[in-house]
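Contents: one structure, followed by commentary.
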Amino acid sequence: MDSQGRKVVVCDNGTGFVKCGYAGSNFPEHIFPALVGRPIIRSTTKVGNIEIKDLMVGDEASELRSMLEVNYPMENGIVRNWDDMKHLWDYTFGPEKLNIDTRNCKILLTEPPMNPTKNREKIVEVMFETYQFSGVYVAIQAVLTLYAQGLLTGVVVDSGDGVTHICPVYEDFSLPHLTRRLDIAGRDITRYLIKLLLLRGYAFNHSADFETVRMIKEKLCYVGYNIEQEQKLALETTVLVESYTLPDGRIIKVGGERFEAPEALFQPHLINVEGVGVAELLFNTIQAADIDTRSEFYKHIVLSGGSTMYPGLPSRLERELKQLYLERVLKGDVEKLSKFKIRIEDPPRRKHMVFLGGAVLADIMKDKDNFWMTRQEYQEKGVRVLEKLGVTVR
C-alpha cells in the first residue's frame, strides 16, 4: 500500500503466462496461462467441478482446453487481440484472482523492449479508461530483471514464451540501439517438439495437445553442450530415451528430441527462421557496444524467463561465446583467451525475475508522484501522458 492506503499492483503480462501480485512481495500471488477459450460445442454444463461458460479464461481454460477453441491474446510480446486481452485483465483484477477495486490502486505493467509505441498507448488507454487505475507505470522487462538481480549494468537474455530479447542496460538505462530481438521462444520450441514427435510417429494435435507437449518439454528437454556428441548418442545408444505418461495414460518415449527441440534457439534455421541464434546474437550485441563497456557486459550476463530454464543452457552459451571471441576478436590466439572474463548469472528464480524486479521498483516508488502517470494527467493529456516515461508520442 502507498501512504494513502492504495494498493500497488504489479502485473507481468507474458505471452504465455500472467504473473501478478503486489509491490514489495517476493513472489507473484497468481501465475496462470494467458489464454482465453470458447466452447467448441455446448453439450455439457459441467466437467468435474468446473462449470462450462461461454468464455473461459486462465486456469479453467487450460484445464478444459481439449473442449475449447483456445486463443492467446498475445503473440511475440505484442497484444494481437484487445478484446480477449481485456477478458484476461478482467479475470486478473476480478474475484477469481486479485479481487481489487482498480479505481483505488496503482499498477506497474511490463513490456518487452522494442515494443511498438501504439501497443503501449493502447495499454495506458485501457488501464485508465476501462479500469480507472489511479496511477500507471509501464516498465521495460530487461531493466526489471537487473533490479531483481541487484545490478544497474548488464546484458539481459530474456526468453519467455513469445519472444527472446537481448537487452544491454548501462547504469540503469536500457540501450535501445543495441537491443536485439529474436522471435523464437518457448512457444516455438513447443511447436517444434510437436513436429519432431510427429516425425517419430506419435499422433499429436497442434492445438489440443499443445499444453501436454509443453509439459513434456519442461520436464525432459535440455540444451546439448556438444551437439555432435549428443547426436551420436541419440543415434547409436538408448541413453537419452525417457518415458513420459500422457494424461490419457499412453506412454511415449522421447529420445534425441530432448535436445533437438531447444537447439532451435541456437540454430534458428531448424524452424525456418532466418538469422543467427541466441549465442551469436548475444556476442554481436556486446561487440556492438562501446569498447569501454564491453568487459562489464561480458561479466554481467543475466538469464531471465522460462525458456532459459533448460539444463545445459548457461554452459553452452558460455562455450559458444568463448569460441566466437577466440575466432573473431583474438583471431585464433588461444593464449590470450585466459584473460577473457565472462560470467553468466542464472538465478534459480529467473522464471519470475521480471515480476520480482517490478515488485521491488513499485515498492520503492509507491509514494513518488512524479514516477506514476496519474488518472488526472491522463484526463488532461490523453496518451501524451506517456511522455512522462520518456516516450515520444506523435
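Any Cβ shown, glycine's included, is placed from N, Cα and C.
Taken from Swiss-Prot, the feature N-acetylmethionine covers MET1. MET1 (N-acetylmethionine) falls outside any helix or strand according to DSSP and counts as coil. All protein chains shown were included, and the count of other CB atoms within 10 Å of the CB of MET1 (N-acetylmethionine) stands at 13.
Within 10 Å of the C-beta atom of SER307 (ATP binding site) sit 30 other C-beta atoms, taking all shown protein chains into account. In the three-state DSSP scheme, SER307 (ATP binding site) falls into the helix class. Taken from Swiss-Prot, the feature ATP binding site applies to GLY160, ASP161, GLY162, ARG214, MET215, ILE216, LYS217, GLU218, GLY305, GLY306, SER307, THR308, MET309, TYR310, supported by similarity to another entry.
Positions annotated as N6-acetyllysine by Swiss-Prot, on the basis of similarity to another entry: LYS299 (among others). Other Cβ atoms within 10 Å of the Cβ of LYS299 (N6-acetyllysine), summed over all protein chains shown, number 15. DSSP gives LYS299 (N6-acetyllysine) a helix state.
Look at Swiss-Prot and you will find LYS322 (among others) tagged as N6-acetyllysine. LYS322 (N6-acetyllysine) falls within a helical segment according to DSSP.
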With every protein chain in view, what's the tally of Cβ atoms within 10 Å of the Cβ of GLY305 (ATP binding site), excluding that atom itself?
26
At its widest, how many Å does the recorded ATP site span between Cα atoms of GLY160, ASP161, GLY162, ARG214, MET215, ILE216, LYS217, GLU218, GLY305, GLY306, SER307, THR308, MET309, TYR310?
18
Chain-internal residues, separated by at least six, CB under 8 A from GLY162 (ATP binding site):
GLY14, THR15, GLY16, MET74, GLU75, ASN76, GLY77, ALA185, GLY186, ARG187
Fewest other C-beta atoms within 10 angstroms of its own C-beta: which of the binding-site residues MET215, MET309 fits that?
MET215
Using C-alpha positions only, work out which of the modified residues MET1, LYS299, LYS322 is nearest to LYS217 (ATP binding site).
LYS322
